[in-house]
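To start, the structure itself, in structure tokens.
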């Protein structure tokens, strides 16, 4: 079963609906390459169904990182399907053909690359206004372009500004990927992998750099290697405009290039800036395009005449006349030009961008051949033609077996019919000559290594980020597992402590319940004991009262019997009254006794309870003290475990941090090694270019300078041979500031500056003479050499090549 994530697989219906089923090679004809980039190439083509001129962007997803390339294609197609705005390119569809994706959109040329002079501020304001409108649309939908530069800002024939190249765009914001073109990258993009995320403010920074690029023809740090530029952007202050006409423009650029993202304005705010809102003609961009077309036509005419002259001279005088013609080549006002020797390809590369300084941008050029129809036939055109409004351009290949003919007059009549068909249509407008097209092919081949280095550098940074994330996730899982194990151990200990406390509490509760029952029984026994004693006392008291009542009754009867004069009835009443008094008294005495017994019982019970409560309180206090001691012991053990766990966690964290730092140091070492290697390769490449440049300059020198150079070299060789044979120079002539050797006055046309010194003897090693050429040294004794100056010597002059003289 095929993997749905494999490059080119359309098993996923969501991915399959992004691509059309038709064969693109049958739908589009007359493909002409008009641009290179790290993504692939852009072609000019014609739709066979509608005869519409379109741009085809071919992106291959084969070879290394095929899955990554496939995902980038899917992301770009999804992005293009989502955006619909007048200031962005129009997406027409995507096709698949032999591991290559064909992305089709409407073809929009550009009109600003050829001019050597910077653009005017009013033109920059118009271009910036259109770009800001497109950025405001993207940012309002939480999308980031991430590759804003002049090479990705297109101009249409009616003067409409459009954003292009969404291969680096992000559908979500914020993001943290290391993408973009180095010289236009914002600082937070460079530091995103290490320090966090970024949002749409990175496009504002790139727009500020683009303004400097349009005003100064190249972005800041462009003469520096890309790796070094990344460091400068991230660490140094923001770049500024070197010169500008108005303060509005400078303020606009400074606002865009704020170092901190939070200080940068949003795209909606910049649309209200005075630099963008100031008045300007509506036709400013159309005038720029027309001015560029006129310049290109003039440049193509000049190139054609030069090529014709060179071919004519080669045919009559041979290749020796080429150098003299190159010396007379004038400096044109619309950019660098190449000779016919650089035109060796059937492919033309027109640019889709504004600036020539963008490494991934390219612009095609087109000439009007109507001005040269009266010229004699000198060149034979190849099979490819590219059209513009009322103009036609060719790319030529000069083979040794071919006879040159004029580009505007093809030899066979059948070639004129399709040319008229193209001429009568408003088709593709180009702004580059054939020589510049071929030169761009050569520059693309030279820059492919740099783009591959940057691609490898970005892959390395992403790989480093993945390694760091994988290591951090691994260490985080290890930390979580270790923390879980320690928490489990702590929970186990706390559970055991809780069980011990619960067991102790139950024991204490049982002891208290048992003591409470014992105290209740003792209290009951104590009450029963007192009550029994009081009952006995009451019984004895009642018996004593009965005896006293009986004795008193008898005494009263005896008193009545002694008194015979009292009537019997009165005696009976008096006796009854006395009995009642006695009973009442005895009842009161008994009540007092019961009251005293009750009070005594209550008092003794309170005392007993107090003793019991004191005993119980002491017992509870002992139990609580025992529980607190137990809890204190447990807390000490728990604290010791927590300290042990903390030390274990700290040790693990230190070990993990050490591991991360070692990996970071290793990755930084690899990154620095890669950057150093890239820088060394860049230096070697620059040295080779400079050597070639110097060789070309030497070759282009006039012959009148070559003969003296040969003579000087031969004389220097003779001087070395004379020094090797032990011969020395004779005494020179004296001078007051300029010293000439008597023997070498005719050999050295330039005077040597000398300073007077004291007349002392000296010795000098011939091996060190070359180190002092053109310098004056004190005549102190030197350890080597047998040569001595005479007493009249005032100064010594070093002539170079191991020779000296004195005067």
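Just so you know, glycine gets a Cβ as well, placed from its N, Cα and C.
Since the structure is predicted, the reported quantities are computational estimates derived from the model, not experimental observations.
As annotated by TrEMBL, domain 'Protein kinase' applies to 28-276.
In the three-state DSSP assignment, the secondary structure recorded for residue 58 (ATP binding site) is strand. Feature annotation from TrEMBL assigns ATP binding site to 58.
The feature region 'Disordered' is assigned by TrEMBL to 317-422 (among others).
If you look up TrEMBL, you'll see 345-365 (among others) marked as compositional bias 'Low complexity'.
Feature annotation from TrEMBL assigns compositional bias 'Basic and acidic residues' to 370-383 (among others).
Annotation source TrEMBL lists compositional bias 'Low complexity' at 399-409 (among others).
The coiled coil annotation in TrEMBL covers 454-492. Mean per-residue pLDDT, taken over the coiled coil (454-492), amounts to 88.
Marked as region 'Disordered' by TrEMBL: 557-577 (among others).
Sequence annotations record features per position, and here TrEMBL assigns compositional bias 'Basic and acidic residues' to 567-577 (among others). Helix first, then strand, then coil: DSSP counts for the compositional bias 'Basic and acidic residues' (567-577) stand at 10 helix, 0 strand, 1 coil.
Residue environment of residue 58 (ATP binding site) contains 17 other Cβ atoms, counted within 10 Å of its Cβ in all protein chains.
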